[in-house]
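Annotated features in TrEMBL:
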DOMAIN    A:488-574  domain 'Strictosidine synthase conserved region'
TRANSMEM  A:38-59  transmembrane segment
TRANSMEM  A:71-104  transmembrane segment
TRANSMEM  A:116-139  transmembrane segment
TRANSMEM  A:146-168  transmembrane segment
TRANSMEM  A:188-210  transmembrane segment
TRANSMEM  A:239-259  transmembrane segment
TRANSMEM  A:271-291  transmembrane segment
TRANSMEM  A:298-317  transmembrane segment
Amino acid sequence: MSVASSSVNGGLLRRLRYRYSARLLLSELLGKRWMEPAIPFALMIGLIVWFSMVTTNYATLGNAQQLGREFAEAGFVAIAMALTVISGGIDLSVGAVFALANLAALVFFQLYQWPVGLVIVATLAIGAGIGAINGFLIGYMRTRPFLTTLVTLIVLRATVDLLGQHFSIPLAMASRTSWTWDVLGVGWIAKLPSNLAILGIVAIVGHFLLSRSRPGWHLTAIGSSRKAARHAGIRVERVLFLTYVMSGTLAAAGGLFYAARLQSSGSDTGIGWEISALTAVVLGGVSLAGGRGTVARALIGAVIVFVLVNGLVRMGFPGALSSTALGAVLLIAVGIDVKWAKNRGKAIQKIYVNPTMVELPPSPSITADGGTAFAENTRLQASEEIGLNQVQGPEDIILDRQDRLYCGTREGWVLRFSGPNFEHREVFARIGGRPLGMAFDRDDNLIVCVGGMGLYGVTPAGKIYKCTDQTQRSLLKLNDDSRLRLADDCDIAPDGTVWFSEATIRYEMHSWFLDGIEGRANGRLIAWNPKTNKTRTVIKNAVFPNGVCVAHDGRSVLFCSSWLCTIYRHWIEGPKAGQTEVFAENLPGYPDNLNRSSDGGYWLAMVGIRSPTFDLMMRHPDVRQRMIKQLPPDEWVYPGINNGCIVKFDESGRALESMWDPGGTKHATVTSMREHKGWLYIGGLENNRIGRVRLPDADPAWNGCDAYWGAKS
Amino acid sequence: MTLRMTAVVAMASAVLLAGCEAGTRSGQEAPVGTASTAQIKAPSLTGGDSSANLQKRVDQALQGKTIAWVPIALGIPLADIWTQVMRSEAEARGMKLEVRDPNWNTTAALQAVSSLIAEKPDILVVHNPNVQLYAQELARAEAAGIPVIQVNMVSNQKTTAYVGADWPKVGRLLGEEIVRSCGKGSGSSGKVAIVQGEATSAVSLEQMQAAAEVLGKDPSIKIVSNQAANWDASKAHDITATVLQQHPDLCATVGFWGVMQTGAAQAVKSAGLQGKVKVYASGSDGKLDCDNIDSGLITKFLNYNSSSQARSVIAIASFMLQTGLPPSAVRMADYSPLQWMEKGNYDPALCYDTSKPRSPAK
């Protein structure tokens, strides 16, 4: 269900237009890693379709099989090249290794009459051996890949020529055949040409190895930055060595299949294949700079090159022209590669923020003499300081049964202040991420929402454990929303279920304020059941859900929607269970954390106060869109999040009183507060302190742990 | 995420495959050797039929038929003469010549042959880069009912017809010529350099064997260099220049193709040895070869007359189409007559200039 736009003005069409934006789809599409080869993939399909239309008998099973058989060997060489390019290098010797392997396999099989198994092993070993020489020089001796493999290429080519002349006459006369050899060359595996089937297996294994395994990640990391990879403890030399061994072996596998298929020891075998392979790899979207690419992309590129050359040959283009076309394609691909790598991020940035329409009624008065419960005063200025300059950004605060004060910090720690005046500061837990909302469970474990990580727990002894970091994925969302990006605040229902908000799934901790410019329903309310360890998204499409508080009777959960300036009540028990209703709306500011008060009401922190300007901007998405496009980020109009207040509500959602710090000298941002034994403790996302003010009328014995879980002896 | 990409690729190829009909299996299934008369189903004809009827039958057999032709490369006199003559001869008979130009790229060449088989031309004419490369494909073509004519360089897989030089004979004639001028009693050093073409092509293999046999009979002949220049004139030049530095007293260099041997001849000339080192070659009836003979670059040249080879190809194609014989019913060869050419001693009609095509009237 959606609680996106509560106030309804303006045309339905206009609202729909902003709610479902094509730009949004595009920006999220561009952000996907699998979108990088989208253009090559489309080109590949386009070429195949086009040649099917202009060439006779192209789209027939027989032709597809024939093409597949001819393609497979080039596919092996392309993967070989891709591995080295992803590792930040290049292997120019692939074509020569291919040729040598072809000749070797023919000599072993035809002249030495070895059994096929031995021929395969020996041929692959030759490729691996040459790869090992390349890898040793590049990995351990740190020679330049380009020059090293260029030299290997020249040496191997000369070797192939010499050996070729020596063996050409006996090879031309030889005619040994064997069943296994024919399977390798002209056989079938599951209706696929054998070489294509094996290429497919190698590609799938290679793809997972490269993109889903530790060695593959190491390889990619080295390609991105050899230095950083070394600093990260990756054994750069060994990984590079193995990469070139793999490359040599794959190229040799190509040569082996070629030998079995054609029995041809022609001296120009493999000439120029390194260029076609390089073209294929770059065309498929493997970056020449290294660190970016997959086996699938290399193969997409290889198919394009193959289909293009094959198609031009078929259409009777003069040979020189097809070579030129291939060269031109390489040039364009390299150009696009450079431009794409450089500008993709920028392009996404330009279109990622997609403002939608938020219509708020005029804000209630906050002036000192306005007569509302929000009337400005100076009550927060009397606050006492705790941990002044010892704490960075205590977004949320909480106190335990021993009156110790906890807060999360920018460093990713949970700090604990203890002693009569909280003068003793210690790091209670180093969780990492950005600790935000907190709550104690029945067993005094501290449950913490950690931005960038998920929901975590810390035992009283300080041991950290993960509660949950994912929920079910929405089927129709491009952004993978199964992972928790920005768990914000949590509270715990009597049955132990942890209710928590995830403010947005489109932005990270460092860019959450962009969600404010967008105003879209990107957040959700999630429940984690510790007994079953199940995580369930209860409400999706909530607009920046922030503070969460289980009502005093435990039958409903209150949660704030910051950009809609509204608090909702979601029923979890009783006749209305599952329904969501408005608790309080049209607040004068952006609501943040929400907590119980001792008198049966709720404290609300407002992180910022609305301004008529921004309210107007929120009504006009186009203006914000133009602003994002045309102005640098530091000149954008953001929701005001620099001066807030604390408001108290009763159980019915009526605002009772407020506490202010005009000018923000002590509490520049107020994102949380917690009542504890007659004091109200105050935290702020950007503050350098925790504050507390005495609540003269409050129950001096009331505290959160007892209120939630009952007194403990 | 990239996993999904792979799935999409797989699906796309599945769709591609599913949308196709069943094809034929490749392999060497074509019967090899001469077919028995039972297999030949030529119509029996009476001798007294009218000329008009004959004309009609020929037209029916040839009009609109396609001859597909895959040389190693265009842009060389040999292939250009073949192509020009084949085209004009074919068109004069109402047939069409489809040319594929792989431009020396054997990978592209093989693809061209494979794809032509899929397109089912009526006749396939190939110029084999080496004895093995097309072997399977040629068998596949014949199995698909396409008669295959091989020009000048034959494959290990023999097909309907071979039209080209008798290479052992070429090797023998060149060898005998060398023995005459460099062998015992010639007063020369007896040193001979051989510049082979592509070592795996039939031309090199067969010519080399025959030449080596002849040269081996004369103990005063010493083969000081025997290298493959892969039909490349500049490679032939480099090889020969090096040989001449080591052996300035070289008696003769023999190249397996005139155009390539031009490079060797230039090396001889730049070493200042023109006239002292004899330059032999075999080749087509191209104008370039004639010019080289006239300018003294080539001492003696064995011409296998490529324009007449092209006419033979079309004649055999015409024969196959008119008789309707299955490809494997015929295993024939038409060996080209050879002619010696040397400066001031040859028939200028043997020089074919592609810029002045000798097209038949239409």
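Note that Cβ sites are derived from N, Cα and C of the backbone, with glycine treated the same way.
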Take the C-beta pairs under 8 A between the transmembrane segment (A:298-317) and each of A:38-59, A:71-104, A:116-139, A:188-210, A:271-291. Which stretch has the highest count?
A:271-291
What same-chain residues lie close to the transmembrane segment (A:38-59): Cβ under 8 Å, and 6 or more beyond its ends?
29, 283-285, 297, 300-301, 303-304, 307-308, 310-311, 314-315, 336
Within the same chain, where does the transmembrane segment (A:239-259) have neighbours whose Cβ lies under 8 angstroms from its own Cβ atoms, ignoring anything closer than 6 residues to its ends? I mean 6 or more beyond.
72-77, 79-81, 83-84, 87, 89, 91, 93-95, 97-106, 109, 119-120, 123-124, 126-132, 134-136, 138-140, 184-185, 194-195, 198, 202, 215, 218-219, 222, 269-270
Contact ranking winner - A:71-104, A:116-139, A:188-210, A:271-291 against the transmembrane segment (A:146-168), Cβ under 8 Å:
A:71-104
Out of A:116-139, A:188-210, A:271-291, what stretch is closest in contact terms to the transmembrane segment (A:71-104), meaning most Cβ pairs under 8 angstroms?
A:271-291
Reported in the order helix, strand, coil, what are the DSSP residue counts of the domain 'Strictosidine synthase conserved region' (A:488-574)?
10 helix, 44 strand, 33 coil
Taking only the residues in the domain 'Strictosidine synthase conserved region' (A:488-574), give me the average pLDDT of this model.
93
